[in-house]
Amino acid sequence: MNKNQMHDMSSMSNQHDMSQMSHSDSMADMSSMSQHSGHMHMMAGGNMMNMDMGDMRRRFWWSLILMIPIIFITPLMGLDLPFTKTFPGSNWVTAILATALYIVGTKPFFTGAIAELKQKKPAMMSLISMGLLVTFWYSIYALLANTFLHSDVMDYFWEFATLVVIMLLGHLLEMSATMRAGDATTELRKLMPETAHVQHGDTFMDMPLSSLKNGMVVQVLAGEAFPGDGLVQSGQSQIDESLMTGESKPITKKVGDKVIGGTINGDATLLVLLNGVGNNSFIGQLENTLTHSQNAKSQAEDLATKVASWLFWLALAFAIGAFLIWTPLKGLNFAINIAVTTLVIACPHALGLAIPMVIQRTKAIAASDGILIKNHKNVIMAKNIQYALMDKTGTLTNGHFTVQKLVFTGIKEDDALAIMAGLESQSTHPLAKSLVSYVTDKKIQATPMTQVKVLNGYGVQGQLKNVTYTLASGRYLDENHIQYQALDDMGTVSYLTDGQQVLAAISQGDSIKTSTPQFIQDLKAAGITPVMVTGDNQQTANHVAQQLGITEVRAQTSPQDKIKLVKEYQSKGQVMMIGDGINDAPALAQANLSIAIGAGTQVAQASADAVLISPSLTKVIDLIHLARNANRKEIENLWWGAGYNVLAIPAAAGLFAFAGITLNPMIGAIVMSLSTVIVAINALLLRK
């Protein structure tokens, strides 16, 4: 399936709300999905087959070892090359080595061909397998005929060996460049705790996540990750859901509120009734979506599959036709030789390397420019990007809070900051860390406070010399009837009060990256419309968008909403998605081209087609230009690879014999090698 045919993640929100799931929907389901992390899923005529990367690598190296002596002791289509060293019995040595190579190296192709033929859609695997079968078994026949019947039949062991190795190399290059399906799901699983504190009467017992069932009540301590989705049964706490929802501010959760597995509990203990575990949890459905998204085939690969299918039928038709026509005209031996030569000429050496060579060249260029390409299929095909959907926090902004504004009334600045830092010094809250860091940088010593406690949903409170100080939100001041003048700022505002009056106000927010304004201008200059998509509130989103000149803004979006937005814009044109959080992962998987920021979460990086090593956005435009050039090179290589076969197959079959034009097998081999070299050189000529 391609990216535009993914499972609709909007169903996630409905399933996420379900309160009762089956016992089988446990974390064991998620664990089973990880078994594919070391495998690739290779398209075989629309069918999927698991192929272990390590197994493919071993097959390649053993095949290469076996091929080397074959090419030195075996003539190329009857031609002794300068390095060819035959000796008495060398033909039998070659046959033994080729047989070992047949056993070691051909299985992936035969398996793929069987899958294609079962679907009645022969393509690349069938074309390769046909070439392997003909070259090997005809060579065995030639060996036996020449040895025992004293015939003079040409073998194709040289062609067989090189075809196996070149095709294994091509697929190995493609696998290493594209198959990272396990990365995203592995990083998602890392968010979940290994065990959960399950309630049994008045006690709690630690149980592995694979044993969790819906309806269980679990205890989640301060600072722990939730083991599944559920509803708060007891307690109130601040929850960091930024990785999942994109909301940069911690969310207050109380009895009856939903919590998401993998998010982090704040400073209080909660009891949670589980209603979503395993594949039916929020993370489980994210994992399933990301796994399916890795199965995309690029347009160029689809074209290569179609070309291989055409060549398969073309070669087969010409071989059979040549055999039937030449048998009465020139005899059986001549007809067999023509038919075999036709099938050998059809071996897709150049076609098999056409795309993998461009993949490796593209990755090398991008890496030298600070970009890691993970999914070449979508990077190369993103040639007509029209919309750039971008997350705000961590993508357009730096992704961490900074102090933006301070106001002091009736207290010295240093004293106020020292008290604030003293109140926040033990907190792990992002706002608290930002404030403490700011005070430390100003070389102000935090004032030790006593009886410090967290006011869930409001702020923090402590005592100093019998005076109770509170650093809290405006809502706390309203509820406690403390008069204050609201600080006019777009950031998160907290107020320091002694219970009688407001002593200071602080606004904290996320600063815009220095590279962002130029990047937005570059996008517009390239004809790409920037769209900001964020989980933050509309006011904060509009404030950032106005500074950057972004006119299209979507705020308070969930991961499901982001997928819908990507699909909405895809109905208008090709979409690029740039993000850095787990909440961006499904949208990254859905987009035509997805880019993750190097400083972002590993899940986002694993889900993206490309990763920027630095947080700067200035390389994105370079990547788009590279993608367009690489796509052109792939198409050119397909023409070179297929063009040789289209011309050589009829010539080998004797179609032009009436004009005195025949294709000598030796000439065919030379042209075949030249075509492969041209494909390689053309790939190396790729530039940004």
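Just so you know, glycine gets a Cβ as well, placed from its N, Cα and C.
As the structure is a computational prediction, the values presented were derived from the model and not from experiment.
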Kindly point out the range from 1-33, 265-297, 529-561 that TrEMBL annotates with region 'Disordered'.
1-33
State the non-local partners of the transmembrane segment (127-144) in its own chain: residues 6+ outside its ends, Cβ under 8 Å from one of its Cβ atoms.
91-92, 95, 98, 102, 106, 109-110, 112-113, 151, 153-157, 159-160, 163-164, 167, 308-309, 311-312, 315-316, 340, 343-344, 346-348, 352
Compute the average pLDDT of the predicted model within the domain 'P-type ATPase A' (191-288).
84
Could you pull out which residues elsewhere in the chain have a CB under 8 Å from any CB of the transmembrane segment (307-326), counting only those six or more residues past its ends?
121-124, 126-127, 130, 334-336, 338-340, 342-343, 345-346, 348, 351, 638, 641-642, 645-646, 649-650, 652-655
